[in-house]
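Data block below; observations after.
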Amino acid sequence: MFTINLLLLITPALIAMAFLTLMERKILGYMQLRKGPNTVGPYGVLQPIADAMKLFTKEPLLPSVSTTTLYMAAPTLALTIALLLWTPLPMPYSLINFNLGLLFVLATSSLAVYSILWSGWASNSNYALIGALRAVAQTISYGVTLAIILLSTLLMSGSFNLHSLITTQEQSWLLLPSWPLTMMWFISTLAETNRAPFDLTEGESELISGFNIEYAAGSFALFFMAEYMNIIMMNALTTTIFTATPYNMLTTELYTMNFMTKTLLLTILFLWIRTAYPRFRYDQLMYLLWKKFLPLTLALCMWYISMPMLLSGIPPQT
């Protein structure tokens, strides 16, 4: 039964990831006054299938100087972690209901650093290694901000459980009392998933794209799949933490539709930002985190800790 549930979770997530690539191209096309993919199938609907066939039927290339085991393991690890992150998400039922669901998400997402580091180091290419080091520095740096923001939401909900977090929002979304945290969370998720304007680790428009420069065919596709899976997962997590709809207001089917609509809107915002903003410089990226976001999130976290203590001394106003 667990295997069937696992397949029922993974298969729709993979299908959504495939068509997210098509949606991205279409949105980028229309924003640049062109049509995007429109040849393969009606209105280009079969383009993701054509891309998958092209990538997975190519001969896998292995650089002669690479460390074979780590080189092949890195993309597999990236996709495995991306799929593993979906297990505690309430949609409205989670595959595994962890009491420490938020901690599991935070710890597992941090493991993605290893796949990037392995890919850069095992390629034995200077360009790939430089890209991997920058990616690791960026991911770890923004992981700090994400952890502090999660701690602040825990103080409001009183539990690490994602289902309890939804119950907390019966009266109002956490977005309303913590909108500065929500804005910083959203920008940090852009950096965590290596999306524009923070796509310094994997510049698709550059000759040297980043840590995956030596990858081709199926192994490259696995990195690509992991990136888009993480985008959808991060937006689903944002929906759960800040704009969740309580279970008792909707039926299961309506809850799922509501949840996916919010996730889709956030994902479209990801793509819109890619179209609208140029890439940041690396020093600007680090300055934004260490000089702006980190002090602000720490100050807000202290605020959420101290306010209940201050208010506890006020007598009841009856």
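Just so it is clear, glycine is given a Cβ too, placed from its N, Cα and C backbone atoms.
As annotated by Swiss-Prot, transmembrane segment applies to 2-22 (among others), with the evidence given as sequence analysis.
Feature annotation from Swiss-Prot assigns transmembrane segment to 70-90 (among others); the stated evidence is sequence analysis. Long-range contacts of the transmembrane segment (70-90) within the same chain, counting only residues at least 6 positions beyond its ends with a Cβ under 8 Å from a Cβ of the stretch, are 9-10, 13, 62-63, 96-98, 101, 104-105, 108-109, 111-112, 114-116, 118-119, 121-123, 162-163, 166, 214-215, 219-220, 222-223, 225-226, 229-230, 233, 236-237, 240.
Below 8 angstroms of C-beta separation, residues 70-71, 73-75, 77-78, 81-82, 84-85, 87-88, 132, 135-136, 139-140, 143, 146-147, 150, 153-154, 159-163, 165, 192, 201, 211, 226, 230, 237 of the same chain, each at least six residues beyond the ends of the transmembrane segment (98-118), sit close to that stretch. According to Swiss-Prot, the feature transmembrane segment maps to 98-118 (among others).
Below 8 angstroms of C-beta separation, residues 98-103, 106, 109-110, 113, 168, 174, 177-178, 181, 184-185, 188-189, 191-192, 241-242, 286, 289-290, 293-294, 297-298, 300-301, 304-305 of the same chain, each at least six residues beyond the ends of the transmembrane segment (140-160), sit close to that stretch. Summarising the annotation, Swiss-Prot assigns transmembrane segment to 140-160 (among others).
Sequence annotations record features per position, and here Swiss-Prot assigns transmembrane segment to 173-193 (among others) based on sequence analysis.
Under the heading transmembrane segment, Swiss-Prot lists 217-237 (among others). Same-chain residues lying 6+ beyond the ends of the transmembrane segment (217-237) with a Cβ under 8 Å from its Cβ atoms: 13-14, 16-17, 20-21, 52, 55-56, 58-61, 72, 75-76, 78-79, 81-83, 85-86, 89, 91, 105, 109, 112, 115, 119, 189, 192-195, 202, 259, 263, 266-267, 270.
If you look up Swiss-Prot, you'll see 253-273 (among others) marked as transmembrane segment, on the strength of sequence analysis. Sequence-distant contacts of the transmembrane segment (253-273) (same chain, six or more residues past either end, CB-CB distance under 8 Å): 20, 23-24, 27-28, 31, 91-92, 186, 190, 195-197, 231-232, 235-236, 238-240, 243, 245, 247.
Residues or ranges marked as transmembrane segment in Swiss-Prot (evidence: sequence analysis): 294-314 (among others).
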